[in-house]
Amino acid sequence: MAELVAVPNGGPAPDYGGGLTFSVVMSCLVAASGGLIFGYDIGISGGVSEMEPFLKRFFPHVLKRMAEAKKGDSYCIYDSQALAAFTSSLYVAGLVASLVASRVTRALGRQAVMLMGGAFFFAGAALTGAAVNISMLIIGRMLLGLGVGFTNQATPLFLAEMAPPRWRGALTCGIQFFLTLGILIANIINYFTARVSWGWRVSLGLAGAPAVVILAGALFLTDTPSSLMMRGQADRARSVLLRARGGLSEGMDAELKEISRTVKAALESEDGAFRRMTTRRGYRPYLVFAVALPVFTQLTGVIVLSFFSPLVFRTVGFGSDAALMGAIILGAVNMASLLVSTLVIDRYGRKVLFMIGGAQMVICQVAIAWIMGTQLGKSSGESAMARPYAVAVLVFTCLHSAGFGVSWGPLFWVVPSEIFPVDIRSLGQAINMAICLGLDFVQTQSFLAMLCRFRYATFAYYAAWVAVMTAFVALLLPETKGVPLESMPMVWTQHWFWKRFVVQDEGKRADAET
């Protein structure tokens, strides 16, 4: 029989067993490699935006402003809506793709969506690498956005549904690992390609490499048992689960039976997934976290620092090569912190990491705001920053990134992929990614202007949000460590706040059925 494990808030939940079989590990590694697509783009955008040959061809007004920086405003060197659009246009397309991908994922499965995402990203990489005008550049970026939207919608679902419950956190962290690896690789490539006039073409064109990785890998994947069951392929679902769990066992039979039960209940529901999620009282916690988690993740400030770290480092006084090297150091620190998170996430749980990372990010953002305010100048940005203070900005940026790497970075992928019931899982992940990519657009389009106008207070603004969201998680997020996906509703019925919604809704439905 399946064993019982304690749900973090009290009460038993079944443990279906299942170790790290070769099939699970390889499937999850291939799926998680989809994070390379997003990571490479994050890393490559900021570095290319800082390369003078690229700016000379597409954004000459920024080069002129850089030349006048000594007698102008250091905060406003890169304040260009056209330059911001180069980065942000990807996320408009990604937002649209995420919403479309919800229906495609439900109808065709996780594997098909990952293949589509890889194909779009490859096409976008080819077009941006060959761009001769801004129109080609922006269209290519939008194709890249379609690739990001499709892969980021399907990959977390695949990982959460394939992984055994006790290893789900670590395996789902694989997305953030490959995303961070993509950032690091992109920063290293930028460092070397910045030395030649056509290097920006190499940086942008090499985005096709991670696209080939996910395309080739996805061809060898099979869909998840939950996805197959949702599409009426019960025999294939059993075969996939049998291979993933390493052989026939009572635990596997119990897991398959529970998947079948939850899928059947979802298919028999009269309401559509969107109507169910937005109108039913019992689905209130899912709706809140589908919105809150991506909003708060964006408000950590890490995304814009990842995109624009070379530009920020140039702002505080580093030269071009030093700024790009700073971005490489930042990526390496992020990788190291993520490895720590992967090792402890399934041992200590999600909430502890949220608390530790949140506190660290607040301290670092306040320190950056203070240094930039006192050393670069509060109003005009004309004061030159001494090298020790510029290095201190780099150090605190790295520590901030490390705090994100052990908490919100991986947990942004882990928590949404495991909290939604199967009937709204695709929709929940689509909402999560659509909001994330939509805010990516807003922030990447506005950050350079925000830095120009808010100056050092930009970083204090992000620090305040991190404090708010850390308190939110401490009070309202239940611990989900080790809980099977099919038993996840139990953690909500036992939570001090959410039980009033979930339990009452279940009681009303039971009365209606009677």
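Backbone N, Cα and C atoms are what each Cβ position is placed from, and that goes for glycine too.
Because TrEMBL annotations are produced automatically, they should be read as predictions rather than curated entries.
As annotated by TrEMBL, transmembrane segment applies to 20-40 (among others). Residues 110, 114, 117-118, 121, 147-148, 151-152, 154-155, 158-159, 162-164, 167, 171-172, 174-186, 206-207, 209-211, 213-214, 217-218, 220-222, 243-246 of the same chain lie 6+ residues outside the transmembrane segment (20-40) yet bring a C-beta within less than 8 angstroms of a C-beta in it.
Feature annotation from TrEMBL assigns domain 'Major facilitator superfamily (MFS) profile' to 27-481.
The transmembrane segment annotation in TrEMBL covers 82-101 (among others). Within the same chain, residues 41, 45-46, 49, 55, 58-59, 62, 113, 117, 120, 134, 137-138, 141-150, 152-154, 307, 430, 433-434, 437-438, 440-442, 444-449 sit at least 6 positions outside the transmembrane segment (82-101) and bring their C-beta atoms closer than 8 Å to a C-beta of that stretch.
Feature annotation from TrEMBL assigns transmembrane segment to 113-132 (among others). Sequence-distant contacts of the transmembrane segment (113-132) (same chain, at least 6 residues past either end, Cβ-Cβ under 8 Å): 31, 34, 37, 97, 101, 104-105, 139-155, 158, 201-202, 204-208, 210-212, 214-215, 218-219, 221.
According to TrEMBL, the transmembrane segment annotation covers 138-159 (among others).
If you look up TrEMBL, you'll see 171-192 (among others) marked as transmembrane segment.
According to TrEMBL, the transmembrane segment annotation covers 198-221 (among others).
The transmembrane segment feature in TrEMBL is assigned to 286-311 (among others).
What TrEMBL lists as transmembrane segment is 323-345 (among others). Residues of the same chain lying 6 or more positions beyond the ends of the transmembrane segment (323-345) and with a Cβ under 8 Å from any Cβ of it are 43, 46-47, 50, 169-170, 173, 176-177, 180-181, 183-184, 187-188, 190-191, 194, 305-306, 309-311, 313-314, 353, 394, 397-399, 401-407, 409-411, 414, 481.
The annotation transmembrane segment is assigned in TrEMBL to 352-372 (among others).
Under the heading transmembrane segment, TrEMBL lists 392-415 (among others).
Taken from TrEMBL, the feature transmembrane segment applies to 459-478 (among others).
The stretch in 198-221, 392-415, 459-478 that contributes the largest number of Cβ pairs under 8 Å to the transmembrane segment (171-192) is 392-415.
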